[in-house]
Ligand SMILES: COc1ccc2nc(C(=O)O)sc2c1
């Protein structure tokens, strides 16, 4: 899997070198390429923004640098196997199932907006050429797309076959199919008693059926408490 990042702050992606994603890059599982959008400007100030047509506050990212960067990084041929991701507050909420789908992609290009956002024609052009995803991390606004791109990268790359030492651990995570899309149950390890707080007895019973039942009940309880929106989804297994 090749991952490209287009940003006016490409140094944001240096952190991928120290993470497990960096280890995956060393193992050849993924390739990471961060690019400075300003490399595709031609004026002395390396300008990437301009005032919004129709007025309004702030600045909008000009389309020209994006188009020239696309030509060089992705090419000028249409290819639906290339996934282009635009993190944006107006995007579709990013989910674990979206991460799972993207984990089989061979090419992902992240377009990290700043200022008020990117000229919409950039997104329209990308849609005419590749598979585009406009996604948001949640109902809040960051200062740009870089942090969202990092979060999406981690969610996707950890699902790439060969990344996780023990792929079985993926099956029991929150939102995973193995959990019926429920939140993960509470986890405990030794010591059994810590500051007057004990590990639930059932987990020390060695009775696998009772343990599985307790864990399921806890997942259902937590999901009902914290994410009632998930309890009606088809994958949740609870209604
Ligand atoms: C201008 O580009 C932005 C600005 C805020 C922002 N917030 C995001 C989020 O997912 O919360 S993505 C994103 C991109």
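Backbone N, Cα and C atoms are what each Cβ position is placed from, and that goes for glycine too.
TrEMBL entries are annotated by machine, without manual review.
113 is the residue from 113, 162, 165 that TrEMBL records in the S-adenosyl-L-methionine site together with 137, 138, 139, 140, 141, 142. Filtering 113, 139, 141 by Cβ distance to ligand 1 (under 6 A) retains the following binding-site residues: 113, 141.
For residue 139 (S-adenosyl-L-methionine binding site), the number of other Cβ atoms no farther than 10 Å from its own Cβ, over all displayed protein chains, is 7. Note on residue 113 (S-adenosyl-L-methionine binding site): other Cβ atoms within 10 Å of its Cβ, all shown chains, come to 26.
Shown in sequence order, 93 are the residues of the chain, 6+ apart in sequence, with a C-beta less than 8 angstroms from the C-beta of residue 138 (S-adenosyl-L-methionine binding site).
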